[in-house]
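I have placed the structure first, in the form of structure tokens, so that the comments after it can refer back to it.
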Amino acid sequence: MHRFQKVPTSTADPRSVNFVVCGRILENLILPCLAKLHKFLNQRFIEILLFCLLADTNMVNAGEMNGSGNLMDFLDEPFPDVGTYEDFHTIDWLREKSRDTDRHRKITSKSKESIWEFIKSLLDAWSGWVVMLLIGLLAGTLAGVIDLAVDWMTDLKEGVCLSAFWYSHEQCCWTSNETTFDDRDKCPQWQKWSELLVNQSEGASAYILNYFLYIMWALCFAFLAVSLVRVFAPYACGSGIPEIKTILSGFIIRGYLGKWTLLIKTVTLVLVVSSGLSLGKEGPLVHVACCCGNFFSSLFSKYSKNEGKRREVLSAAAAAGVSVAFGAPIGGVLFSLEEVSYYFPLKTLWRSFFAALVAAFTLRSINPFGNSRLVLFYVEYHTPWYMAELFPFILLGVFGGLWGTLFIRCNIAWCRRRKTTRLGKYPVLEVIAITAITAIIAYPNPYTRRSTSELISELFNDCGALESSQLCDYINDPNMTRPVDDIPDRPAGPGVYTAMWQLALALVFKIVITIFTFGMKIPSGLFIPSMAVGAMAGRMVGIGVEQLAYHHHDWIIFRNWCRPGADCVTPGLYAMVGAAACLGGVTRMTVSLVVIMFELTGGLEYIVPLMAAAVTSKWVADAFGKEGIYEAHIHLNGYPFLDVKDEFTHRTLATDVMRPRRGEAPLSVLTQDSMTVEDVETLIKETDYNGFPVVVSKDSERLIGFAQRRELILAIKNARQRQDGVVSNSIVYFTEDPPELPPNSPHPLKLRRILNLSPFTVTDHTPMETVVDIFRKLGLRQCLVTRSGRLLGIITKKDVLRHMAQMANQDPESIMFN
């Protein structure tokens, strides 16, 4: 605070005494009110008013203080934008935590002063829960709208409902009174395009017309989606999870969670999923939910002014995104904890659970699937699994690990080629070409023509007596008198064998086309395509095991648990296990994956097979590389992300990594009391560093603190605008009390307030293994290297990443974000 000099009443001029008394009244009564009003009134007007009111008071102290009194010392917030970060920079977690602690301490102390302050403290405490409620409501609503729109637009490629064009095929036939159970997919209100245009439902001409319109609708949806992304919101492309992981680790990407990104991603997600491309909406829904979290957190100063607190909200929003994507609230919380979050305190766990709960409840209220269930692929198996089946389950885990490794390597190679060649300059043509290839190949095969979610639902389904799918075309025993839910294993009919080779072709097609689809300049999720690959492989394995058990039930492996006429093997269970294995192989998820799968399907008693497949797929995939698909894309884009899962085992020291090194220019530093404003501005112009160490002098190099570049620029700019007498020759002081200056010298500039007096330091002999752990667990931007209090150098987060890449025999510069 500004200090008024005590003037003896016996010798002082009475007017000076009055000025001092008025100054104290001004300090204790009027200024606190004005400091609160300046947030709502014109800030410049308040500053002028304060300057005029305090002019006489400053004159009293001018003789001895020589202008060292700082107008900014009177305000709670010295100047706007202080404490904020520039785009593509990393936040200081320790500083954000300290600022939040100070804010909370201030609110707590003020709450005892009055009832109003106590109410404000309660509102501050409940603001977090209000934000979670709003995130859950909006995320659940958007997910429900997306699901309904995708169902309608997917069916629009094949036909239209005459009674209500906004009805999907299923909804149209629900409302029809002429629909029979045997022909429940056919009703007079729903007509294919060939029936509507040329009044033909069968024949070559009808097939060709439907084929052509299917391709045209797909191209139209894809072109509209990529155009919207390219023109209005370039950040709306991709899955979003790699960038969300990077943002939650402390990186700033302005606009990535903005309102335009939210709007465009929601609209284009419907378009690209409806186009039939081999992608899903689950990953992008996490991005959509985080956009909702960023929007609502900006409405509360508790989160909008603290990047660390904002990331707690985004962690909870990611949980809500998975909750509405899969109908798995518990799995969403575990996904946020295991996969995307960097800092996840216990308080965030509770709030994530609440946000996921509200989001799931909202989605359930909308009921987009029409089955009055929250889960996407509800299954109800009536046969337990047996120990002998663990062997095929583990084989599916091996397949999932191999598929994950193949996909990651091929997709990263293709995305790198896209970034480094002319292919990346034509994103619209790439999307159109991939969409055309997908539609042309997908239409003839019924298992690739339908939406991927419907395909997975059919593959998970158990064959009951009322099923009409080709996968359930078994030869029934006419003398069978068993209940409907206890149908024994039967020999496969011609429909099953036809479905098997169609599934095999669809499996190869999905494996290849997904590699080229993921990463294009459109919203693209990977969960559903990976699950589809695993579900197709698992269903074929399940049918094979089922037929093997039926025809060779006397083998020793089947003799104890599969007797003739018994229902032994459930192929749908193998599809579910295969889906979990492939998704785990691609993402390297384990605990959250198993929970999501049993919430997704309702198959609680099949946790052990899911766990066996998930663990096996992770082991196999980790044998070829530790990176999951999201970590691989983070490294491809060069984001400054220190993965907690990576191990650093090299025996190097801090002195091997710090800058400057031998032969390099000395470290750029500020001195505490010997540099002018012009010297500081010149240093800022000639360098691009994010901050500067402050030392006693360049001779001693005794460390005092650390000053951020952005705050130096803002402080000097505001001082020139607000304070008279601050010129280029003014001395910059980082000390508590500037020394007395000659009467004619320019006013000094005191910047003690922006100085970090406790920067994190290590000695030059600290092992880099310890330094890497410090950067990971404390979220540091930089740490200073000292020896006996003397500054030697600095290590930044990028220096750590470069060193880790160099130790892994990679080009250090190729992994850095540009």
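We count from 1, first residue shown onward.
Cβ coordinates are placed from backbone N, Cα and C, and glycine is handled just like the others.
Noted in TrEMBL for the protein shown:
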{"type": "TRANSMEM", "residues": "126-146", "note": "transmembrane segment"}
{"type": "TRANSMEM", "residues": "211-236", "note": "transmembrane segment"}
{"type": "TRANSMEM", "residues": "257-277", "note": "transmembrane segment"}
{"type": "TRANSMEM", "residues": "313-337", "note": "transmembrane segment"}
{"type": "TRANSMEM", "residues": "390-414", "note": "transmembrane segment"}
{"type": "TRANSMEM", "residues": "426-443", "note": "transmembrane segment"}
{"type": "TRANSMEM", "residues": "499-519", "note": "transmembrane segment"}
{"type": "TRANSMEM", "residues": "526-545", "note": "transmembrane segment"}
{"type": "TRANSMEM", "residues": "573-598", "note": "transmembrane segment"}
{"type": "DOMAIN", "residues": "658-722", "note": "domain 'CBS'"}
{"type": "DOMAIN", "residues": "755-813", "note": "domain 'CBS'"}
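According to DSSP, the domain 'CBS' (658-722) comprises 24 helix, 17 strand, 24 coil. For the transmembrane segment (313-337), the residues of the chain that approach it from at least six positions outside its boundaries are 128, 131-132, 135-136, 139-140, 142-144, 244, 247-248, 257, 281-283, 285-290, 292-294, 296-297, 303, 343-344, 348-349, 351-360, 362-363, 373-376, 527, 589, 591-592, 595-597, 599-600, judged by C-beta separation under 8 angstroms. Each of 211-236, 426-443, 526-545, 573-598 was scored by its Cβ pairs under 8 Å to the transmembrane segment (257-277), and the highest score goes to 211-236.
Tertiary neighbourhood of the transmembrane segment (526-545): same-chain residues 239, 278-283, 325-326, 389, 392, 395-396, 399-400, 403-404, 407, 447, 452-453, 455-456, 459-460, 471, 492, 496, 500, 503-504, 506-507, 510-511, 514, 517-518, 569-583, 585-587, 629, selected by CB-CB distance under 8 Å and a gap of 6+ residues from either end. Per-residue confidence over the domain 'CBS' (755-813) averages 89 (mean pLDDT, predicted model). For the transmembrane segment (390-414), the residues of the chain that approach it from at least six positions outside its boundaries are 511, 514-516, 518-519, 530, 533-534, 537-538, 541-542, 545, 574, 577-578, 580-588, 609, 612-625, 627-629, 632-633, 636, judged by C-beta separation under 8 angstroms.
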